[in-house]
Amino acid sequence: MLLGLELQGTSYTFKYQTTNRPTYERVFSGKKVVCERCPPGTHLHAHCTDTHPTDCRRCSSGFYTEFWNYISECLPCKLCALNQEETQSCMPSQNRVCQCKEGYYWLSHFCKKHTVCSAGHGILNKGTPYKDTECETCTDGHYANGAAGITQCTPHTACQGDEKLVIHGTDWHNNICITCHNITTKGKFQEEAKYCSNDIM
């Protein structure tokens, strides 16, 4: 069976004639006729008859149809919500696609800011536009100071060479080491000078 389809727009007319196009059935003048559906990017303007093919019109700006159809109006493209950005433009044959901006994830009906892991907790799984950040508690010998910059649980740095350990690391800060040649008995390093002659803490 050979079916025709006319697609009309503001300044153009296309003619499709082919087999194996999607169809639908309707009753016209008491008899059943088989009409072609309208292609993506168009909508039904007038049903086919026994003498005329389906009349389809192109979707106007801001509207779309994604599949072969016989709906009377194109669908409105979605609008991006607050803190979303467009990843696919609205076109006659495709809807607009949006996703949350960097630092946010989609939670039901809005974009929510990713969780910032608190001090002593590091990032286990980094947040995505669709999932929140997952945090973990830093184990012994590791630290993370969250918003201060170290976001993943990181091993404490070992003192090197002639460095002395003056403050042991915790789950939220690193080991603090000093070298004796940087210490003076005057000024702000006076208190730390004792570690050059004493055992480490």
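Every residue number used here counts from 1 along the chain in the order it is shown.
For all residues, glycine too, the Cβ spot is worked out from N, Cα and C.
Helix first, then strand, then coil: DSSP counts for the repeat 'TNFR-Cys' (58-98) stand at 0 helix, 15 strand, 26 coil. Per TrEMBL, the feature repeat 'TNFR-Cys' maps to 58-98.
What TrEMBL records for 58-98 is domain 'TNFR-Cys'. Cβ atoms under 8 Å from those of the domain 'TNFR-Cys' (58-98) belong to residues 7, 9-10, 21-22, 24, 35, 37-44, 47, 104, 109-111 of the same chain, restricted to positions at least 6 beyond its ends.
Under the heading disulfide bond, TrEMBL lists Cys59-Cys74 (among others).
As annotated by TrEMBL, disulfide bond applies to Cys77-Cys90 (among others). The Cβ of Cys90 (disulfide bond) lies under 8 Å from the Cβ of Gly62, Tyr64, Cys77, Arg96, each of which sits 6+ residues away along the same chain.
Remark: Cys80 (disulfide bond) has Glu86, Arg96, Cys98 as non-local neighbours, by Cβ distance under 8 Å and separation of at least 6 in sequence. Annotated disulfide bond per TrEMBL: Cys80-Cys98 (among others), in sequence order.
Just so you know, of the disulfide-bonded residues Cys59, Cys74, Cys77, the Cβ with the fewest other Cβ atoms around it within 10 Å is the one at Cys77. The number of other Cβ atoms within 10 Å of the Cβ belonging to Cys98 (disulfide bond), over all protein chains shown, comes to 19.
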